[in-house]
């Protein structure tokens, strides 16, 4: 919005030429998101407490979690506001990729909102059935996939890190692949959201990493130099990623141990969906496995646990997702969180190294 209002005036006021630069707008989208979270956070937490929108705790979970019963949830609403508003303020709103990402982010957030609301209303931790949730997520992601496939400049090739010459053309099959990436990322972040600050930390790190990927993909000269896919218009997603970083930092202020508020599914599903969509658009889908390695391990731990129990009648972990396994081993919650953050930073650095290792 500000881009469209102020940049056209740059001939009369040369200082406004700065709105042309994605880096400037990404920085201020980050700051704007952070300020929105700081300002609205206390009000929202108080409102959620008054409405008794509290978290229900699994009865079979770690006993240390029982004290968290009733902590305000659905704090992801704050994250959504802090992402969407700065994005509308600072991005070029004629950019298709921005709207596709917002569609997934808000759409997944709406599914999460309904899920959280049902949990609170029914006073249990079940919410929407797995089938209902998956159906809606796949429908939204599928819509995004069709929109991208139908957009002529978008490429349906798949890029692999470390192998510059390996770029298979998926054609129409890119749509189900995009759905897999977007829905998979969303559910992986959702599974990670089990400890105070555990999910939002790696999300901030991943968002910052994809801010750089988006900027590079949108710059044809830099993309050619680094031998990565050039995606005209993808640079605007750097501004959206900046908003995600700011929103994440602002939310972490209230979500750090001991948490004053939980993001709920409205936050985790929308953040994961946004990351998956940005990975698809920037042609860094495979790299998401590295950047979001914490999310991948959390999701795999659940798959392994369920498969092992069904096939062998035994559980590999004391409890899944894997962060609960470490809790039951006696690790303090803050120790698990910070160590997972450290691993996430290392993985982000490895992912960034793929820009040169080709």
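Placement of Cβ uses the backbone N, Cα and C atoms for every residue, glycine included.
Segment annotation: Swiss-Prot labels transmembrane segment over residues 286-306 (candidates 286-306, 307-327). Here Swiss-Prot gives transmembrane segment for one range in the set 26-46, 47-67: that range is 26-46. Taking Cβ pairs closer than 8 Å, the transmembrane segment (169-189) reaches residues 104, 108, 134, 137-138, 141-142, 144-146, 148-149, 156-158, 199, 203, 268-273, 275-277, 279-280, 285, 288, 292, 295-296, 298-299 in its own chain, all 6 or more past its ends.
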